[in-house]
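Engineer: First, the structure itself, so that you have it in front of you.
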Amino acid sequence: MKKITISDLNNWKEVGEKFASITAYDASFAKIFEEQSMPVIIVGDSLGSVIQGKPTTLDVSIEELVYHTKCVRAGSPNAFIISDLPFMSYHTPEAACGSAAKLMKAGANMVKIEGGSWLINTVKMLTERAVPVCAHLGLMPQAVNIYGGYKLQGKTEEQATKMLENAKELQRAGAQALILECIPAKLARQITLELHIPVIGIGAGNDTDGQVLVMHDILGISANYIPRFSRNFLAETGSIEAAVKKYIDEVKQQTFPGEKHCF
């Protein structure tokens, strides 16, 4: 696999070529994903749940994200790596810059932050300092205590309008990609069409530019349960390599996610 850059993601959006992405946390799995030509890997604070066994992502530290980013980069030298900024590591623009610098030095190509218009100045500052930003809207796991659980977002017209406005504001501020999580497929389609940056969905329908799933979910090894929007590809194929390839192929062909995986 050739080295993937933000230019590739932009080109895929322009020509309408769908792409898959997946979470990873260690070199061994990252190597398998690279061998199957997985173009984008997300080193997520979801490691708090699937690696550390905690009920939320809130306790994950920047040092842990740095460690896992280094591990993933060692296993996948060519994938485009997006690393999460964990809870309260970007509460001010200055704090975000310090945290992001650590992830970029560890091998990330882009950092991801959860939040809407309050992050405008942070996105501007990071972008001006050569740190590419992936915004994250919809269900934001770091805000679980605000929601009272992991719930579908953007259900009302007011919520949908605000989310679209936030997406456009973050794009204007310099965000170069966007993740939409657990929102109605119709809203995700509208946001994807109205933005010029790549939009990656998880539980956001079939019309986003890319898809992402947690690796533990597609391999059927999640500690708790597999979300409605995911699928156990390993059970269908019998090997990790075949499961990953099937996931990549079905995203490209737009056969996954199917209607039953959407809201």
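Placement of Cβ uses the backbone N, Cα and C atoms for every residue, glycine included.
Quick paste from Swiss-Prot:
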type	residues	note
BINDING	ASP45, SER46, ASP84, LYS112	3-methyl-2-oxobutanoate binding site
BINDING	ASP45, ASP84, GLU114	Mg(2+) binding site
ACT_SITE	GLU181	active site, proton acceptor
Engineer: Whose Cβ lies within 8 Å of the mean position of the Cβ atoms of ASP45, SER46, ASP84, LYS112, the 3-methyl-2-oxobutanoate site, other than those residues?
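Structural biologist: Counting only non-site residues, the set is ILE42, VAL43, GLY44, LEU47, THR57, VAL60, LEU65, SER83, LEU85, PRO86, PRO141.
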Engineer: In terms of DSSP three-state secondary structure, what is the assignment for ASP84 (3-methyl-2-oxobutanoate binding site)?
Structural biologist: strand
Engineer: Including all protein chains displayed, how many Cβ atoms other than that of ASP84 (3-methyl-2-oxobutanoate binding site) lie within 10 Å of its Cβ?
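Structural biologist: ASP84 (3-methyl-2-oxobutanoate binding site): 29 neighbouring Cβ atoms within 10 Å.
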Engineer: Which chain-mates of GLU181 (active site, proton acceptor) that are at least 6 residues away have a CB under 8 A from its CB, listed by sequence?
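Structural biologist: For GLU181 (active site, proton acceptor), the qualifying residues are HIS136, LEU137, GLY138, LEU139, MET140, PRO141, GLN153, GLY201, ILE202, GLY203, ALA204.
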Engineer: Using Cα-Cα distances with a 10 Å cut-off, which of the binding-site residues ASP45, SER46, ASP84 are near GLU114 (Mg(2+) binding site)?
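Structural biologist: Of ASP45, SER46, ASP84, within range: ASP84.
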Engineer: What is the total of other Cβ atoms whose distance to the Cβ of GLU114 (Mg(2+) binding site) is within 10 Å?
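Structural biologist: Result for GLU114 (Mg(2+) binding site): 23 neighbouring Cβ atoms inside 10 Å.
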Engineer: Tell me the Cβ neighbour count for LYS112 (3-methyl-2-oxobutanoate binding site), meaning other Cβ atoms within 10 Å of its Cβ, over all protein chains shown.
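Structural biologist: Taking every protein chain into account, the count is 24.
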